[in-house]
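> Submitted below is the structure of interest, expressed as structure tokens.
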Protein chains: 2
Amino acid sequence: MNLLKQKIRTEGIVLSDSVLKVDGFLNHQVDPVLMQEIGEEFASRFAGEGVTKIITLESSGIAPAVMAGLRMGVPVVFARKRKSLTLTDQLYSAGVYSYTKNETNEISVSTDYLSSDDVVLIIDDFLANGQAVLGMLSIVEKAGASLAGIGIVIEKGFQNGGAALKDRGVRVESLAVVDSLENGSVTFHNEEASLK
Amino acid sequence: MNLLKQKIRTEGIVLSDSVLKVDGFLNHQVDPVLMQEIGEEFASRFAGEGVTKIITLESSGIAPAVMAGLRMGVPVVFARKRKSLTLTDQLYSAGVYSYTKNETNEISVSTDYLSSDDVVLIIDDFLANGQAVLGMLSIVEKAGASLAGIGIVIEKGFQNGGAALKDRGVRVESLAVVDSLENGSVTFHNEEASLK
């Protein structure tokens, strides 16, 4: 996705060798046109897989997931990080450890909105160590649903989440894979550092 | 918005005289086609107001706000309910008391994404007592930005948020106004109860 890589290059901020801040178009301010293109790209990559439902995690996964759902003609369920008083239903839940926040959150999806008939596409904004996606995978398994694959906006290729998922035989489609953030600059996968 | 009202009638669940659960298409599972129509309706109602930015609150405001932003050609900023370790910037913040959760959350927007040059449309999923919108209004005021108005998906007309905002001279556009949830059924504003 060239538009996405261009945005990362021009607006992404490398805070350290492991932290890429994209608050300008994905994690705080959202660029709706970019989200539309991302949604169309996910729809294209997972066309023909019989996807019936997209699962994402609040909050930054919602915009790309809803754009993909619009294009694919399927509903989107965002897993919640904490329970609401009006969520009176039965829940599928999983624990997700966040290395950046150093805490474990329980994420949940109502049993009303995921069943064994579903074929699920999981979408998330970032893939680093894979904890959030593994939590969503656990929820999909608890529901007895099938998995079409995982769509990631930005994968940190230098962390182990992508490899761990591929080792499980899961299809992972990442629209931009960052191989390094060293020396304050972004190197994408399959690109010479000199092309930065 | 007839499609919205029809969804509320057929899929909304009245949990009490004050709680309407719309987890099936807005607050947990999201209907992307409905979100697109909601976005187009907000864009139409606030056309010509010179809006440069949409502000919403994570998580349920994001889908309708991003669809409105797509149609209006402006970025969307979702105010965060808690700080992230990568949010190293200066913040505009406000306290928001939640009656349903019985707690006060601080919501924040980075000073990078809101300035005195902006003309802001605030979008949120629900308007009840108005606390969340008042928090976002406070953030807009702290930034010195102008306000075009407030777009609400579902307003609980029997609570005082809408009246409080209109008393301040703020334009509020609610796509569905629920006047009553008594006896387990939804009565919309300007409709006979018999038309439910």
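Glycine is treated like the rest: Cβ placed from N, Cα and C.
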> Which one of B:LYS142, B:LYS156 goes with B:LEU20, B:ASN27 at the xanthine site, as TrEMBL has it?
B:LYS156
> Give me the CA-CA distance between B:ASN27 (xanthine binding site) and B:ASN129 (5-phospho-alpha-D-ribose 1-diphosphate binding site), in Å, as a whole number.
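With distance taken Cα to Cα, B:ASN129 (5-phospho-alpha-D-ribose 1-diphosphate binding site) is 18 Å from B:ASN27 (xanthine binding site).
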> Summarise the domain 'Phosphoribosyltransferase' (B:47-157) by DSSP state, stating how many residues are helix, strand and coil.
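When I sort the residues of the domain 'Phosphoribosyltransferase' (B:47-157) into the three classes, I find 27 helix, 46 strand, 38 coil.
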> Within 10 Å of the Cβ of B:GLY130 (5-phospho-alpha-D-ribose 1-diphosphate binding site), how many other Cβ atoms can you find? Include all protein chains, please.
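There are 23 such Cβ atoms around B:GLY130 (5-phospho-alpha-D-ribose 1-diphosphate binding site).
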> Given the binding-site residues B:ALA128, B:ASN129, B:GLN131, B:ALA132, which lie within 10 A of B:LYS156 (xanthine binding site) by CA-CA distance?
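Within 10 Å Cα-Cα: B:ALA128, B:ASN129.
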> I want the residues beyond B:ALA128, B:ASN129, B:GLY130, B:GLN131, B:ALA132 whose C-beta is within 8 angstroms of the mean position of the 5-phospho-alpha-D-ribose 1-diphosphate site's C-beta atoms, in chain order.
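Sorted by sequence, the hits are B:VAL96, B:TYR99, B:LEU127, B:VAL133, B:LEU134, B:GLN159, B:GLY161.
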> Taking the Cα atoms as reference points, how far is B:ALA132 (5-phospho-alpha-D-ribose 1-diphosphate binding site) from B:LEU20 (xanthine binding site) in Å?
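Their Cα atoms are separated by 17 Å.
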